[in-house]
Amino acid sequence: MSELSVKHLLGIKYLNEKDIQLIFETADQFKEVINRSIKKVPSLRDITIANIFFENSTRTRLSFELAEKRLSADIVNFSAAQSSVKKGETLIDTVNNILSMKVDMVVMRHPNPGAGIFLSKHVKASIVNAGDGAHEHPTQALLDSYSIREKLGGVAGKNVVIVGDILHSRVALSNIFALKLQGANVKVCGPKTLIPKHIESLGVTVETDLRKALNWCDVANMLRIQNERMDISYFPTTREYTQQFGVNKKLLDSLDKEIVIMHPGPINRGVEITSDVADSKQSIILNQVENGVAIRMAVIYLLASKIK
Ligand code: CP
């Protein structure tokens with residue numbers, strides 16, 4: 001039987017192309033399950049999962065919780081804001097206390113890059129990174145590629161542009177790793193101040209002219225400006241950012257071809273994309289969210305098979 005090459009999901013950087021295909025094929029089966037009237041399978045009745053979130057989340061948190069419930073796992077939810085972390089408890093102590101209650105897997109979102117990698121070296125549980133600072137967001141990249149595969153029939157050879165705040169984006173880095181592994185052509189587009197130096201070393205090209213980037217691509221993945229990670233201004237005003245790097249319907253309709261619009265959420269409507277673009281037939285934003293549940297079911301199921 002096929003299995004993943006890893007026992008944690010810490011980042012796309014640690015996966016290979018076969019891992020991604022296995023996750024997608026497993027997600028295909030779970031997507032069929034969650035579209036049935038009874039959206040549940042008994043696969044993980046013997047597994048307990050802790051969802052520990054040290055940072056805000058809507059989609060990722062609910063999607064993991066639903067994925068775990070649809071697999072019949074037992075779950076506990078931990079929110080740092082209401083926990084003894086506030087009294088000074090360390091991350092390792094916090095997680096080891098949770099694990100002593102017979103927890104098998106930890107899904108963690110943390111503001112510090114590498115928090116999941118650190119944890120995986122110090123605790124006895126399978127760790128799933130649900131976003132670690134500006135580092136990686138592997139399940140987001142998996143659901144993004146899965147959604148491209150669903151919409152366009154495959155990822156290899158497709159032209160994908162990631163637009164916006166590349167510098168602070170874990171979604172951008174994980175997407176670059178995932179798309180490159182699958183043979184897509186990747187461009188990043190945004191203000192020079194929000195493009196990391198030497199990003200070309202990851203096999204991507206840089207374009208600062210949005211119209212050129214959109215005319216080149218099959219898919220545009222529009223990112224949010226991550227003000228919460230900025231301690232200085234990277235562009236003069238939001239209005240000027242939107243004028244240069246925002247997508248509106250007039251721009252979309254004036255392109256040489258019909259492109260697919262993606263966004264990981266949360267959207268700042270009117271900043272990176274206007275509402276009529278977000279809600280247009282070219283947008284697959286809600287398909288991405290729907291696919292997130294099947295992808296997370298696949299990831300949890302495949303990792304759980306390694307601890308059974
Ligand atoms: N895409 C994403 O990670 O959204 P949340 O921050 O709401 O989980």
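Cβ atoms here come from the backbone N, Cα and C positions, even for glycine.
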Ask   = Per TrEMBL, which one of Arg36, Arg109, Arg239 shares the carbamoyl phosphate site with Arg59, Thr60, His137, Gln140, Gly265, Pro266?
value = Arg109
Ask   = Looking at the binding-site residues Lys87, Arg170, Arg224, whose Cα is closest in space to that of Gln140 (carbamoyl phosphate binding site)?
value = Arg170
Ask   = Roughly how many Å separate the Cα of Arg224 (L-aspartate binding site) from that of His137 (carbamoyl phosphate binding site), to the nearest whole number?
value = 14
Inquiry  = Same chain only, sequence gap of 6 or more: which residues have a CB within under 8 Å of the CB of Gly265 (carbamoyl phosphate binding site)?
reply    = Thr58, Arg59, Arg224, Ile285, Gln288, Val289
Query = Taking Arg109, His137, Arg224 as the binding-site residues to compare, which has the smallest set of other Cβ atoms within 10 Å?
reply = Arg224
Ask   = From Lys87, Arg109, Arg170, Arg224, which binding-site residues have a C-beta atom under 6 Å away from some atom of ligand 1?
value = none
Ask   = Listed L-aspartate-binding residues Lys87, Arg170, Arg224 - what's their greatest C-alpha to C-alpha distance in Å?
value = 33
